[in-house]
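**Student:** Below, the features straight out of TrEMBL:
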- Cys251-Cys261: disulfide bond (DISULFID)
- 11-47: domain 'EGF-like' (DOMAIN)
- 247-285: domain 'EGF-like' (DOMAIN)
- 720-832: domain 'CUB' (DOMAIN)
Amino acid sequence: MLAHDGHNCLDVDECLENNGGCQHTCVNVMGSYECRCKEGFFLSDNQHTCIHRLEEGLSCMNQNHGCSHICKEAPRGSVACECRPGFELAKNQRDCILTCNHGNGGCQHSCEDTADGPECSCHPQYKMHADGKSCLEREDAVPEVTESNATSVVDGDKRVKRRLLMETCAVNNGGCDRTCKDTSTGVHCSCPVGFTLQLDGKTCKDIDECQTHNGGCDHFCKNTVGSFDCSCKKGFKLLTDEKSCQDVDECSLDRTCDHSCINHPGTFTCTCNKGYTLYGFTHCGDTNECSVNNGGCQQVCVNTVGSYECRCHSAYKLHWNKKDCVEVKGVLPTSMSPHVSLHCGKSGGGDRCFLRCHSGIHLSSGLQETYSVTCGSSSTLRSKQQKSNDSAFGDVTTIRTSVTFKVNEGKCSLKKAELFPEGLRPALPEKHSSVKESFRYANLTCSFSKQVPGAPGRPSTTKEMFITVEFELEINQKEVTASCDLSCTIKRTEKRLRKAIRVLRKAANREHFHLQLSGMELEGANKSPRTSEHQLESCGVGQSHAGNQCVSCRAGTYYDGVQERCMCPNGTFQNEEGQITCEPCPRSENPGALKTPEAWNVSECGGLCQPGEYSADGFAPCQLCALGTFQPEAGRTSCFPCGGGLPTKHLGATSFQDCETRVQCSPGHFYNTTTHRCIRCPAGTYQPEFGKNNCVSCPGNTTTDFDGSTNITQCKDRRCGGELGDFTGYIESPNYPGNYPANTECTWTINPPPKRRILIVVPEIFLPIEDDCGDYLVMRKTSSSNSVTTYETCQTYERPIAFTSRSKKLWIQFKSNEGNSARGFQVPYVTYDEDYQELIEDIVRDGRLYASENHQEILKDKKLIKALFDVLAHPQNYFKYTAQESREMFPSIVDSGLRMAVSSTASHCWGQMSWMRQGLAELDFSQLRVRR
């Protein structure tokens, strides 16, 4: 930078800002800086990160072979030394000689390269300092004065004084700090933008813009020499005006939440569907309800994915509350009324089919506009109960069948059907029926296939939509005759079902397939909209209009298709959102008071016994739970014993904590009623409360590192490693973004297709610093400790780094010990054409990408990196982005360059090289340009 005297240049210490982007030590040198590593490490090719030096082997990775700067692997096992920019390789092919291209050779004024290195010289009126590099101003010679020329000396003195009084910009820049301009009244000094002229009229002082209205920054303002920088809080990003901060919508990104995501300013929260528990901040695992008080079941509890069910022993049947078991008197019924009917018949020159669900309806909406409708209960959920009950159930045989048909250019949308022409619905006369079947269970699912890529230069085709219907039909022994045994009956039924499936498929292909749920006609799929854009779109089933939006009917209501609103009449309840039926409240032989409207739980149905009470049928009149027993739920027929002869503090106890235990167990323990001692929760379970008699099972496939866990956050997913994809993917520590488990070892391998290389971006990595490198991440060519190392770290770094693999394939390993844990990492990678190798390396080695905080945010922007990697892996995918997305993702130079790269076949390689060289450089350093 220019000194205040306007002549000399002062060295800028790059190490003062963000350690110069160096991983270990930053050393400032005249006109530049360099990164150095601690003992036992050496500098990687990107000149910023450090790699651990191994003790054995003969490669650059562990002995460096005497190279002064950079050691590179050469063919056939040899090595070659290279020098950093501004240096030349010496004759011994090991040492590096400084040149004038590196920090002006250390010279303050002029530098000239010689065989012995840089030679410095000074401008006129200056002399060389003893250090051979700095320059000092000469002292003016004093003129000799004699009596013979006294007059001329006096005249000369006057001229000197007059010259000194008349300053000029040609001498010492007129004394100005910055800009000098000669005027009729003398020199005039001025300062550049960001500085203000001081009272002496010469000196320029930096303006601290942050002192006035925070520099116009939304969040943080940092003053710099001659300018200032704005930055944002975590969870926000800086806009192109370099002052405004915009919330990052994490919910719009891939891999944010397993189920549902709710965006908040600067952050987000994940929620799970019913029957699942949140772990690791973003993941959802199945809740094992049976691990807590046997799920409330009186006899047998069976956990299922996303739910659970209670079952009874032989000679018992399940109570209406679906938890208690009631003794059966006599023989259990062998058949039940069907829940589903399929009716097909000729209409309008072809078959038209109606699938009607009469009862047991459950609607669930998935991600990306998918849905599933279930009618009745599957035999797989009843099988164990049937086997445990008397032999009458053994006489039932279940036949399963399914059909899948494709609908193009549509979307999964379960909505109320429009009236047929003239407002009439087609009738199917009984004599014209071609199919008439009844089923115990049916499941209809609508989902999308993956998007089909289009030809280069054309947008991708519309997603294909598939509707799958599964049926279950039960055959009873009563249907068996003397002329046709059970095997014969099954074959006849299967033949009849195959015909029904054929007819249903034809009807669906002609869009003559109709769905009726609880008496309401529905459309299972919508074709691409052709109506006016201003027409209000109808809401999906289980939803109603709230202003201009569609919202799910809340728990306690259902969507009434006739009245077109959410409601639940008296005597019914609904404990889930977005349903289309309400369940009838159970009734006793002596009905009690009816519940208030919109009950969200069966306990709100009138006349039920409350927690701490019980009765023979779960209805009033009720009795308080006796001493030594408790009941936490409403409508129950019995109370649970405390066990171990323990009494309760009072009648009507509602939880085990009301039992008078001999000791109170702390979190992470449960009370054993046999030994009357507190036992540590085993691995895979936790207990956050005091005085409990059980431990909660960890959700899904998670487990704990040790026993005695006290919180759900200690449940961790240990799954990791494997073979990664060909083009793009992620290397992710187990349980990310939650803390990774202890004593884990993960191994990944990336094997790109031929003629492709690997680009890695590490946005940030969190590893504990207390463990003395007990946890580490290493990337090498192979699993051998002597193979070429690309990246290695055992520390936390919030500063991102990008680098290319030192080999064509990559072996990655992550290890943790039993000590402290941390968030870990999520590292994206992309494989690209090897013709771009030199270009990509030039970009990732540029120190500007890491020195500026604003530039570092580029590598942390998940949306930008995903789009960039997508285009690097498949350049033709650029055309799938809309014009607005292209402007947001890529600068204008990328837009024009990429079109040339993809469209040009004659100069394919050079066109894409030109695009990437210009476009990526602009993307890295100009999209977040720092104001000066």
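The backbone N, Cα and C atoms fix where each Cβ goes, and this holds for glycine too.
Help me understand the surroundings of these features in the structure.
**Tutor:** Note on Cys251 (disulfide bond): other Cβ atoms within 10 Å of its Cβ, all shown chains, come to 15.
DSSP labels the residues of the domain 'EGF-like' (11-47) in these numbers: 7 helix, 13 strand, 17 coil.
Taking Cβ pairs closer than 8 Å, the domain 'EGF-like' (247-285) reaches residues 233-237, 305-308, 364, 367, 576, 698-702, 712-713, 715-717, 730, 735-738, 826, 862-863, 866 in its own chain, all 6 or more past its ends.
Across the domain 'CUB' (720-832), DSSP helix (H, G, I), strand (E, B) and coil residues number 0 helix, 52 strand, 61 coil.
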**Student:** Using a 10 Å radius around its CB, how many other CB atoms surround Cys261 (disulfide bond)?
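**Tutor:** Its Cβ has 17 other Cβ atoms within 10 Å.
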